[in-house]
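Take a look at the structure below.
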Amino acid sequence: MYDLLYNPPQKLMLLCGCSIVCTTVGEAAKMWNLVVVSYGASSPALSNRARFETFFRTHPSATVHNPTRIRIFQRFGWKRVAILQQAEEVFISTVEDLESRCKEEGIEIITRQSFLTDPTDAVRNLRRQDARIIIGLFYVAEARRVLCEIYKSKMFGKQYVWFFIGWYEDNWYRVPDKQINCTIDQMKEAAEGHLTTEALMLNQDSKRTISGMTSQEFIQRLDEELIKDGYNDSKPEGYQEAPLAYDAIWAVALALDKTMKQLEKSNMKLEDFNYTNKFIADQIYSAMNSTSFLGVSGSVAFSAKGDRIAWTLIEQMRDGQYHQLGFYDTRTENLSWSNEVVWIGGRPPRDQTIVMPQLRNVSLPLFIGMGVVSILGIIIAIGLLIFTIVFGSRRFIELSHPVCNMITLIGIIMCLLSVIFLGIDGRFVTPTQYPIVCQARAWILTVGFTLAYGSMFTKIWRVHRITTKTKHDPKKKISRVDNRKLFGMLGVMIAMDLIILLVWQILDPLERRIERFLLEENINEDEDIRLEPQLEHCESDNNIIWFGILYGYKGLLLIFGIFLAYETRSIKVKQINDSRYVGMSIYNVVVLCMITAPVTLVISSQQDASFAFVALAIIFCCFLSMALVYGPKVTELIHHPRDRAESRHLTDSLPSKEEEEKHQKLIAENEELKRLIAEQEDKIRMLNHRLQEKRAQQVKTGVAQDGGEKGNNGCSAPPDSSAPTIESLTFDSLPAIQKEVVVVDLNSDSAITVGMTRSTRASPSDFELSESYL
């Protein structure tokens, strides 16, 4: 540039081509008061008048494409676009302008990828971001590399729309390139259907231009000259900009002609210009700024920024050839279509993969099956309630604590009802109604479990209470456990449940939360739609804490319940004649609860398995409890419909209240007699010991006497066989005493099976044996 300026002849104006060269020349030209005209620079940065004060161009700014792109986006309803750009200033400034326009129109730019020479990673990132509508801004050499990567990444076809720059040559993708390892056919396949936007570089009508030629005549003459230069089947780079270069020369000529006329009024000539002559430079600038004419590229005029005001041409590649679609007039913002776009899939691609939520519901046959079984269980429980009320006066019902049994049945009904609520999901209720279902599940199942299990717990606790008192203090009469204590215990359990549930619902209520899974392909529809499986959960912010409180509280009850059931496993008492079956029910409830609670937490993401597991556990517990508690009673009623025949079938012995009091007295008397007998036996053993000592002394004395007598008369008298000896003195040889032994069978249902041996021939005084008597 230095040599150009300081070697003759004197320069009036400078012309340049691409944006890179024009950026340097245009910024420096003002230092020499030179006007610069460009025919091929499209960088938006060149529109900055503060930086490029004397710059004009017949090539429209690259930003002229952006309004056209925005209108195309709006026409086809695209709200998400992506940008792939080469790291050059011309494209960076174009993207910045496009981003601002998209933001104004509410269009989201999901990603902006750039590259220097290798677009491989950038294209892959676009695929990861699920980019469908992509604007590509790069020079033609890089465009070929991008197109090859598009083919490799399979980012073409009916799901994608690519926007390329329109000033590439028509056969740009066919040009051989050693750095590309894609065939021409592959490049053609990847380029099929892409759109281009370019400033209109050729007048579209047949009007005569300022040169006297129509645009078609100009192209004809240009082609003839190129053929002479050897371009028979191909066109050189820059062929598209030839009309712009031609009109740039005309713009310079017209501006200089106008400047000459203006200088004549001041008695000056163009030859008087030098690099310090500001006056002539301003005249040239003013003349260029006001230039307007019809050229072969269309209407030529310059904006205040020195940019060409032009129309935009929209084209689409079909079968390797570009086809005109329409025009966009920047001044009137009018988009006119001359031909419709031909889409590969028959419709415009979507701007993103449509994610359709698919709610995972409990299998309908599974829900119906569990619901039918639960309803059947509810009907059976209601029937057993009626059975208890109707036959409540029968002894085998009355002595089984029927009130607790009825509470158990009510709890079973609530638990079975909760099975139906556990299966209700988005298929039956709306999202706003789902939290109500969540609350219903928690309240019904929690209270129902407490009623069913709590009533059985109180019964087994009563058995343990009775038997424990008897073992520790046999002489003490067994006091009856007041029913009010049992109901009070159950009331405390219910109150704790209600308090926990009420605080939970007020402070941190259960809500509908969605668990999302990986996207799945939609086999039955197009590829732009993918299914997102979703599963509804009833959760709160502190879900783990609340479950921990409930599980901890219920877990302690379960552990204590199974301990009491084990302790009373072989005990039957008349107050609760079905205690053994209640204990078996507790075993089953505890085992199933201990298994179900952790397993459901693990399989919570599998709606069918989770529902089936919980429902079966509830149903099995409820049916088994009803069978164990009420099975023997119903069987007894069927086999012995009359009250007189039932006295010993269920519990071996079902005594009345009076018999129970008598039984307690006999137990106390029996223990007293055992104590007296033990005392008398101790006395007998003591007396026997003394008798043995006395006998031994008598034997020694008799031996001595016998020796003397034998010495005297030589014989001894035989002992008196009829005289009693100490060995013959036994408890049975004593005077008959009163004996009363009461044997209690603690393993019987009634605990009053009694065997008695009584003799009234002797009084307690007969037990008094004295040493003088012996």
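Backbone N, Cα and C atoms are what each Cβ position is placed from, and that goes for glycine too.
Per TrEMBL, the features are as follows:
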DOMAIN    373-653  domain 'G-protein coupled receptors family 3 profile'
REGION    645-664  region 'Disordered'
TRANSMEM  366-391  transmembrane segment
TRANSMEM  403-422  transmembrane segment
TRANSMEM  442-461  transmembrane segment
TRANSMEM  486-507  transmembrane segment
TRANSMEM  544-566  transmembrane segment
TRANSMEM  586-603  transmembrane segment
TRANSMEM  609-630  transmembrane segment
Subject >> Segment confidence, the domain 'G-protein coupled receptors family 3 profile' (373-653), expressed as mean pLDDT >> reply: 82
Subject >> Result, the transmembrane segment (586-603) in contact with the transmembrane segment (403-422) (3+ CB pairs under 8 Å) >> reply: no
Subject >> the transmembrane segment (544-566) in contact with the transmembrane segment (366-391), cutoff 8 A, at least 3 CB pairs, sep 6+ >> reply: no
Subject >> Contacting positions for the transmembrane segment (586-603) when only residues 6+ beyond its ends and CB under 8 Å are counted >> reply: 453, 456-457, 460, 551, 554, 558-559, 561-562, 564-565, 609-610, 613-614, 617, 620-621, 624-625
